[in-house]
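Quick look at what Swiss-Prot annotates:
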type	residues	note
BINDING	Glu94	substrate binding site
BINDING	Arg105, Lys192, Tyr194, Tyr268, Gln353, Tyr355	dimethylallyl diphosphate binding site
Amino acid sequence: MTIATEISCPEEEAFQLLDKYSWFPNDDQRRWWEYTGPNLLKLLRDAQYPQKDQISCLYLLQQLLVPYLGTFPVAGQAPLPWWSNVTTYGVPFELSWNLLHNIVRIGFEPLSHLAESGVDAFNKIAPEECLSRLACLDNTIDLARFRHFQHQLLVTPDEERRLLEEKGPLPKSGRGQQALAVEFQNGGISAKAYFFPGMKSLATGLSPGKLILDSIESLALPGLKEPVHHLCNSLGLQDDGHPTDTAIAPFLLGVDLCTPERSRLKFYVTDQVVSWDRVADMWTLRGKRLEDPQCADGLTLLRKLWDLLEIPEGYRSNIRPDFAFGTPPPEDYRPVMMANWTLSPKKKFPDPQIYLLTVGMNDAVVMDALVAFYEVLGWTDLASTYKDKVASY
C-alpha cells in the first residue's frame, strides 16, 4: 500500500484551504490574515517555493504571527495605538524577499493588548511569548543570545518605573525595544531578533552605541575584538559610544537565533549625511577593506546602483516624521541612510550592508533604476518581470 505524502492543490486554492475553517478571536486578526496571507503566498510563488512549503509558511503566519500583530491599520481612521519601529508608518509587519539568496522573510514586532493599552508600556511581554512559541516549533532556534541581549539592552522594572514617573510623556514612537524576523528556507524557518536600546539609553544616560558595544563585550568572545575594533575605528566611536561625527547614530543590534557558535551580530547606524562618499566610506571601512577583491567588486556595483537611483545628496533630519497611514510622505521628505556591519569571530573585518532608502521618491523612477540594475547583474528574467510583479501586489 502506498501512502501519499505530498500536499497537492491548485495554487489559487492554497489560501482558501487554510482560510475556509479558520477562526480568529477578533476582527483585527481576521483582517491581518486576509491581508497578509495572500501577499505572503504571492511572494512565495514569485520566489518559486515548493507548494508544500507555501502551505506550511501560510499556516505559520496564520497560527503564530497574526495573533501578535495588534490593531489592523486602516487609512483615515484613528492612529495605531502602538507605533512600531519596524516600518516608516509604524505598522508592525513587513514582508521582504532576499533576491540573492532567494529567501522570503517576515519582519515584525509582536504586540498584545497590554502594549497597546499601555499596561506593558515598553512591549516586553509579547516578543518574549511569541519567540518562545516559535522555539518550541523548531529546535534550530536557540534563545541563548536572545536572553543575553534581553538582559543587557531592555529596561529593568526599576528603570521602567523611573521612565514612566520621572521622564514625563514618552514619545509615541520608539518605545519598542525588540523586533523579530522569520525567514523561510530549506523547508523550515530561521529566526532573528533585533534590539533597540533607545529606552535603555533614556533610562540609564548611556548612549545606544555604548550599550550595544558593552553588551557585545560581555559575551567575552576573543574573536570579536578585532572586528569590533575596526568598526569602532572606522565609525569614530569614542569610549562613551558616541561617534565623533554627530551625523552618525548607532541605534540597533541584530542577532541570529541559532547556536551561539554560528550566531552573527549586526551593528546598525543611521547617517544624516547622504552622499556617495559616505556610502564608500561605510562599505570599505574608510579604505581598510579595499585589499579584499570582493569589497572592490561590491563597491563598483554599489556605485552603479547609486547612479541609477539618483538619490539626492544632502543632510537629512533625524527626527522621525509622524506619517499618517495611507497617505504618501511629503514631496520634500528625504530619509536618512542606514548601514549595518556583521560581526563574526571568523572575520578580521566586519561585513557591511548599505540601505539606500527610497521613501519619498517616485516609485516608477525607483523601479526603472532597479530593472536596469538587475540587467547589469544578469538577472534578465527578473528584469523583464519586475514591474509586473510589483504592480500585482
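Using N, Cα and C of the backbone, Cβ positions are placed for all residues, glycine too.
Recorded features from Swiss-Prot, shown on the structure.
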| residue | record | DSSP class |
| --- | --- | --- |
| Glu94 | substrate binding site | strand |
| Arg105 | dimethylallyl diphosphate binding site | strand |
| Lys192 | dimethylallyl diphosphate binding site | strand |
| Tyr268 | dimethylallyl diphosphate binding site | strand |
| Gln353 | dimethylallyl diphosphate binding site | strand |
Winner by Cβ contact number (other Cβ atoms within 10 Å) across the binding-site residues Arg105, Lys192 | Lys192
Over all pairs in Arg105, Lys192, Tyr194, Tyr268, Gln353, Tyr355, the listed dimethylallyl diphosphate binding residues, work out the largest Cα-Cα distance in Å.
-> 19
Write down the Cα-Cα distance for Glu94 (substrate binding site) and Gln353 (dimethylallyl diphosphate binding site), rounded and given in Å.
-> 19
Indicate the candidate from Tyr194, Tyr268, Tyr355 with the smallest number of other Cβ atoms within 10 Å of its Cβ, considering only these binding-site residues.
-> Tyr355
Can you grab the distance from Tyr268 (dimethylallyl diphosphate binding site) over to the residue listed as 'substrate binding site'? Cα atoms, rounded to a whole Å.
-> 18
Please report the number of other Cβ atoms within 10 Å of the Cβ of Gln353 (dimethylallyl diphosphate binding site).
-> 13
Cβ distance under 8 Å to Glu94 (substrate binding site), same chain, sequence separation 6 or more: which residues?
-> Val86, Thr87, Ile106, Gly107, Phe108
